Protein chains: 2
Amino acid sequence: MTDTPSGSRTLEVALGSRSYPIHIGPGLLGTPAALAPWLAGRQVMIVTNATVAPLYLERCRAALPADAEVRELVLPDGEATKTLEHVSRIWDALLEAGFNRRCTLVALGGGVIGDMVGFAAACYQRGVAFIQVPTTLLAQVDSSVGGKTGVNHPLGKNMIGAFWQPRAVLIDTDTLATLPARELSAGLAEVIKYGLIRDADFLAWLERSLPELRALEPAALAHAIERSCALKAEIVAADETEQGVRALLNLGHTFGHAIEAHQGYGAWLHGEAVGAGMLMAAELSARLGWLASADVDRVEALLEAAALPTAAPAAMGVEDFLARMRLDKKNIDSRLRLVLLRALGAACVHDATPEATLRELLEHFPRG
Amino acid sequence: MTDTPSGSRTLEVALGSRSYPIHIGPGLLGTPAALAPWLAGRQVMIVTNATVAPLYLERCRAALPADAEVRELVLPDGEATKTLEHVSRIWDALLEAGFNRRCTLVALGGGVIGDMVGFAAACYQRGVAFIQVPTTLLAQVDSSVGGKTGVNHPLGKNMIGAFWQPRAVLIDTDTLATLPARELSAGLAEVIKYGLIRDADFLAWLERSLPELRALEPAALAHAIERSCALKAEIVAADETEQGVRALLNLGHTFGHAIEAHQGYGAWLHGEAVGAGMLMAAELSARLGWLASADVDRVEALLEAAALPTAAPAAMGVEDFLARMRLDKKNIDSRLRLVLLRALGAACVHDATPEATLRELLEHFPRG
């Protein structure tokens, strides 16, 4: 991490020849030619969605050098756009513009835009450059690191895709000013997750700093994003192929996915379900004797400070949870595998939770 | 290269952690469990086309272990199928079968099937295993090496794709028994090309052995295929990103593409156009003082022995050639770049052919 005079900071994601920088700070998109160092050539296509375009497309264009040959493509907003058909529209636009292998795609938007544009770049003429400009907190702390790109299929989420690294990630914290409060909270759930998994100091900092984060104080935002990306980068570097330690990134996700699926996707935001799911994981860890009840209280207080749910859906019964959880991809040979907490800041994968203990948790966990 | 007791041979394509073997020989598909060593897990999908399926699908199935969970998908035949829509059909079939990340795709067919199945494997769940079982000579000596996969777009050939290496390539020379003679000749054009580019000894061997090759003599076929794959592998290893020496693989292609495009794709087979194109490149090299006329005669005799054309299309004028050649991707700053021959077995890229010399060649080259 390096601090620059302007107050922005840069984190290097170390992936050998595919290493790239993440720049974080306020006003980055306003900076003339801020994107110039990472362009493969003069041809640039900015891909964004109909919600983000009126807010930030002009500022993004201003961050390109004056001699760039810039095209723009505005797709509809929402998870429903994350399809092969919409990625094909990107390819159509690139070919109609006559763009060659030295073109650069710029993904301006949230996770859906980032995933689609990254996949379009991975497969256009067998691979061209792309730059991520994430405009939601969730995309800034999650999809900035890891190189996962792709689209949904009617039979499954993220089923078609590629690993493809960006040339750079530019995170302008000013873009969070227009993010709905509920989406900011959902992004904070992932930030809290990184602290719970492997950084007790960061967790303590979050406890002190959540008011500043919710007030969008630039230095606090930049630190939270930088630390989250750094923690994710460490985990991904240790396990690029998702065989071991990378599973820890799923803290709260087994419970959370059960909530999302039971409520119908979109009713709860992903981060909201993960928030409640992390508290459930903490309580289960306490029932296994690993956490003190004071630790669980700290998790609950953090979630409350982030305006995240601390109860499961009112109508969701024990069997509703168990049925969904048994379908989890992490399970091996029908043995339930959960990411739990040995301590705050120290997650582990555990596959020997007694069913009675899990049932007790599910019975007693508050519904709201 | 290693010889095995059964008369088959194995060539290793050296690509670090992505290295893989090419097995070449008669009767490989008849061998029980011949494909077993390279399966990622029990789930296997064989993808082929309607022409190849009745001939070799059963034999391919027999080469899988008895406990494999095998699905089959038969696509229509022909270059027109090489679209994203048909690759989507492969993804649909994989998801409908509930296939996971440890599945293996088997591409049974010519270059179109190989390119599509390789691309489907590259992007299914961000990358699964695949095995090439090429059944045309062209696919055996061309797409077996290089890792290029992809599909056509209405605005350009091979515009959408990925670099993705197979786990193994299994070349059963018996499959050439059912290949139409014209397609066998088209494949031989690429075999001759490898000799002309960088192996004078192989070229001399081809001059002696073309009758055996056209008679499908297994040992001669296996040697020709092995040597072609080895030569291509050397070139690709030296220039994986296609910046320099890999351009030599385009010997005959600038003239050939002009013929294909002028006649309408499909009227001349690609290998036929490359055959005539290589003779044009040899004659131009002679006009530049690099080849003796006896060298050009040897090239012509080789093409004749392979039943390939030694004349350009009757109705194709000098301007028809020049207009198409100016569009070639190899050109830089509108300077015509051609792959020519310094000697038989020693190709080079040359961008200083005087226009008058090129025009003389185009005027005097025979039309047929």
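Including glycine, each Cβ sits where the backbone N, Cα and C put it.
Predicted, not measured: the structure shown is a model, and the values here were computed from it.
As recorded in TrEMBL:
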DOMAIN    A:73-185  domain '3-dehydroquinate synthase N-terminal'
BINDING   A:77-82, A:111-115, A:135-136, A:Lys148, A:Lys157, A:175-178  NAD(+) binding site
DOMAIN    A:187-331  domain '3-dehydroquinate synthase C-terminal'
BINDING   A:Glu190, A:His253, A:His270  Zn(2+) binding site
Completion exercise
One should report the C-alpha separation between A:Glu190 (Zn(2+) binding site) and A:Thr136 (NAD(+) binding site), rounded to whole angstrom, as 12
Practice task
Out of A:Asp77, A:Glu190, give me whichever of these binding-site residues has the highest number of other Cβ atoms within 10 Å.
Solution key: A:Glu190
Practice task
Tell me the Cβ neighbour count for A:Ala80 (NAD(+) binding site), meaning other Cβ atoms within 10 Å of its Cβ, over all protein chains shown.
Solution key: 11
Fill in the blank from the handout: binding-site residues A:Asp77, A:Ala80, A:Gly111, A:Gly114, A:Thr178 vs A:His270 (Zn(2+) binding site), shortest C-alpha separation belongs to A:Gly111
Exercise for the section: Tell me the residue counts in helix, strand and coil for the domain '3-dehydroquinate synthase C-terminal' (A:187-331), as DSSP assigns them. Expected result: 104 helix, 3 strand, 38 coil
Exercise for the section: Go through A:Gly111, A:Gly114, the listed binding-site residues, and name the one with the sparsest Cβ surroundings, counting other Cβ atoms within 10 Å. Expected result: A:Gly111
Exercise for the section: Within the same chain, and leaving aside A:Glu190, A:His253, A:His270, name every residue whose CB is within 8 angstroms of the centroid of the CB atoms belonging to the recorded Zn(2+) site, in sequence order. Expected result: A:Leu138, A:Asp142, A:Ala189, A:Lys193, A:Gly252, A:Gly256, A:Gly271, A:Ala273, A:Val274, A:Gly277
Practice task
Using DSSP with the three-state reduction, classify A:Thr136 (NAD(+) binding site) as helix, strand or coil.
Solution key: coil
Completion exercise
The mean pLDDT across the domain '3-dehydroquinate synthase N-terminal' (A:73-185) is 95
Handout entry: Number of other Cβ atoms within 10 Å of the Cβ of A:His253 (Zn(2+) binding site) across all protein chains
Key = 23
Problem - Reduced DSSP assignment, A:Ala80 (NAD(+) binding site) - result: helix
